[in-house]
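Per Swiss-Prot, these features apply:
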type: BINDING; residues: G11, P12, A13, A14, S15, G16, K17, S18, S19; note: ATP binding site
Amino acid sequence: MPTQFKIAIDGPAASGKSSAASCLAQKLNFQRLDCGSIYRAITFIVLSEFTTLPSLDSSNVKGFIENIKICVKNQRIYFNNRDITDELRGEMIDRTVGKIAKVKYIRQKVHKIERDIIDNCKGGIVVDGRDIGTVVMPDADLKFFITASAETRAKRRCLQNESHNYDEILNEINKRDYDDIHREIDPLRQAEDAIIIKNDDITFDETIDLLIKKYNEKIHQLNK
């Protein structure tokens, strides 16, 4: 087995990739990097500074964003020595993060943060996002693309929060899928060598079992 083993997990919104990545990393005793949380952190910081989303092309906003210093430690995100991890989930951030994530200079900044973390990782790491196997970590030892139909993903979101309206959530997911797939820079797509996991008809535990099975097969192959 190589001294550093890298696993990339990509997939659309609400596919369960983040939960799967977290569980897989825990079971393998690997480090885990949630790339979506970095975009959320930048979104949170920008909204905290400007209240509403400003023009991302203006020089003062660009300068502010480029000077943001984020630290990721033990799956927690710190800004100005403050843990902001638990503040990154909310409707405003949900509605805004897609606009932040499609801006070229922001993506370049996030990619640098991600690659620095990956390069400094000792041992194994599980990295999840939307462009991991294609852009951030194309040299990953193992790549997964976790997906499900938009309808399945909307139903799961509603089960997690009964106050959600199914039709509204479905529309949001379809819009996010369209935006991710048609994004000019680093669109969502599966890597050619990724293992596709469609989890419409399997449980979360079965998904994890399948990921571990594929990992063990890869380790066996490397040890031959």
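Count begins at 1; order follows the chain as displayed.
A Cβ is built for glycine as well, from the same backbone N, Cα and C atoms used for every other residue.
Keep in mind it's a predicted model, so treat the numbers as computed, not measured.
Excluding G11, P12, A13, A14, S15, G16, K17, S18, S19, which define the ATP site, the same chain contributes A20, I146, T147, R153 within 8 Å (Cβ to the Cβ centroid), listed in sequence order. Least crowded of the binding-site residues (A13, S15, K17, S19), judged by neighbouring Cβ atoms within 10 Å of its own Cβ: S19. Over all protein chains present, the Cβ of G11 (ATP binding site) has 27 other Cβ atoms lying within 10 Å.
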